[in-house]
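Report on one structure; see the data block that follows.
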Amino acid sequence: MTDTASQRYIPNRLHSRAHRTIRSWEALLLAVAIAIFIVNSFASPYFLNAWNLSDATFNFTEKAMIAFAMAMLIIAGEIDLSVASIIALASTAMGLALQYGAGTPELVVIGLTVGLLCGAFNAVFVTVLGLPSIVVTIGTMSLFRGISYIILGDDAFRGYPASFSWFGQGYIYWVFTVEMLLFVIIAVVYGVVLHKTNFGRAVYAIGNNPTGALFSGIRVQRVKFILFLLTGLMSGVAAVCLTSRLGSTRPSIATGMELEVVTMVVLGGVNILGGSGSIPGVVIAAFVMGLVTFGLGLLNVPGIVMSIFIGLLLIGVIALPRLWTMAVRRRKA
Amino acid sequence: MSVFKKLIASAAVASAMFAGPAMAQDNVRIALVVKALGIGFFEAAAEGAEEAAAELGNVEIIYTGPTDTTAEGQIEVINSLIAQNVDAIAVSSNDTDALVPALQRAMQRGITVISWDSGVAPEGRQLHLNPSSNSLIGNMIIKLAADHLPDGGQVALLSATTTSTNQNIWMEEMNKVMGNYPGIEVVATVYGDDLADKSYREATGLMQSYPDLDAIIAPTSVGIVAAAQAVVDAGKVGQVNVTGLGLPSEMAGAIESGASQSFAIWNPIDLGYSATMLAYELSQNGVEAAPGAEIPMGRMGVLTLDDNNEGAMADPFVYDASNIEQFKSIF
């Protein structure tokens, strides 16, 4: 990003063994994903069906779009818990604009803009005022959704134009949905930005040692500001997709989604304390979560049991590498 | 690699466990989708659905729903039901509009879709089953009071707010049928604003203003509990009967103390039973859901559809000392 940053090589991690653990994490996750896929194919006769699998992707595409931005934010040592509420506010703004005759392009612009503004709002409190992001975004989590409740109350906005439904219900070709395409594009963009640019290096540097990064000439607050903007923007994209898919807006839209997004990021191998993680890991985690919920859904496993299963999966996948190294160390001793 | 092997092995065990309840294909599969799992009201509805399934014989009930009362959660559930190609979906929706696209896809794939309890917009379902209708409720609330006043008497209404749509419609419907209950005189209508303390004060005030009052009718679950408490505190148990619409779990004490002889509300068991029967009729017996259609629903009689393809199941169900024990733990 800056000249000083580009001259200096800032490694992901200082220890190469830790680096290996991260690498094997993605391998492990991929194995889990494949195992779940195989188990699902045997467990339900309806699993291996192109249309059904296509339907199943809706379980994770919108959440994953936010998860990519969230992953970068968490790697930089910050978090945004207001993403689901940003969706609610962006969706409400689109609904409001609809009442004044906005067409599809305007609706999309408004959704994205509101997302950006919400991200900027969070960013100002965190980077300018120096408040902890977890506190700020717990506050804005109530604030943004609260505004939606004030505007909508018990009511709903409906009657979105048919062309608007393309984003959440449209197909590019055969079973490939518009949301899938967006998911792939966003994944590639974030993968390149995080792993191939100076900006991405700066994100890792800030997460590992903000003070060190600052003294290395990285504009820490500006990078964080941009990361909050990106998270807001992605929430705006998700708001467009979700609103389009539901065809209506209620203030309760996307309730609780922030925790699922964070779960996806952590399952993807991102260190919740910042400093490490990768976009491919988050991509695989998105598939793992989508496959698990869809597979269990096909078996009519109640949602409560499903949450338990996701929780166990999260703990299991995180604990396994740790247990593995402990076992290896014991054998060596 | 052994970690992976272990993982695959445990996954295989998990698959063996799940493979157990793999479905018997020749059964008619009817999915009862509720607002959220773990709610007593819906557990009771599922019980009713199982009763209907047992009566029909070849029906398998899939009782399912999201963990939280969200539209997104219900859509995920509906997507997986579409994938399983179930025969019918009967849904109590979390959102009138948001479920429409998913349910329309279900109908396109030949799945019967009905809503019950909490409805879906008409384009997203074939019919909607209301637990009751305004006119049936209006009639029921006065009947509950009149049944215990064979020689007539004075009754007063304790409503929610002056602008509460439901309560106003019910009282209006009640006024239409007053002629059927000679000797019953409505002496006053007061408003407790659905606040426990205000309802309590209004009920106490009624008993002071009308010393000969025989019954208080509260068509609101907040008001009825407050009124019953006011009657107990005024020492008028046995003189003033509190009735109206309430929840069994909240009214159990009032029935026990005698402050209330009986009250009414929908019966979730009957609701689940009827929804299952209707879904079966539409999906298996080629019954067309159209305005004016009369669709049988087993022991609950016949559902007549109005212009919006909606119908009312029955009178609100009456709860008294004989059945309160059974229902107070349900909802």
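Glycine residues also receive a Cβ, built from the backbone N, Cα and C atoms like all the rest.
As the structure is a computational prediction, the values presented were derived from the model and not from experiment.
Now, the feature entries from TrEMBL:
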type     : residues  : note
TRANSMEM : A:27-48   : transmembrane segment
TRANSMEM : A:60-76   : transmembrane segment
TRANSMEM : A:108-129 : transmembrane segment
TRANSMEM : A:134-152 : transmembrane segment
TRANSMEM : A:172-193 : transmembrane segment
TRANSMEM : A:225-247 : transmembrane segment
TRANSMEM : A:304-324 : transmembrane segment
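Long-range contacts of the transmembrane segment (A:60-76) within the same chain, counting only residues at least 6 positions beyond its ends with a Cβ under 8 Å from a Cβ of the stretch, are 83, 133, 177, 179-180, 182-183, 186-187, 190, 193-194, 200, 203-204, 206-207, 223-224, 227-228, 230-231, 233-235, 237-238, 241-242, 245, 257, 260-262, 264-265, 268, 270-272, 274-277, 279, 282-283, 285-287, 289-290, 293. Simply put, out of A:108-129, A:225-247, A:304-324, A:225-247 has the most Cβ pairs sitting under 8 Å from the transmembrane segment (A:172-193).
Below 8 angstroms of C-beta separation, residues 58, 61-63, 65-66, 68-70, 72-73, 76, 78, 80, 83-84, 86-88, 90-91, 94-95, 107-108, 111-120, 122-123, 126-127, 133, 158, 160, 164-169, 179, 182, 186, 199, 203, 253-254 of the same chain, each at least six residues beyond the ends of the transmembrane segment (A:225-247), sit close to that stretch. Here the transmembrane segment (A:27-48) does not lie next to the transmembrane segment (A:134-152) in space: the count of CB pairs under 8 Å, restricted to residues six or more apart, is fewer than 3.
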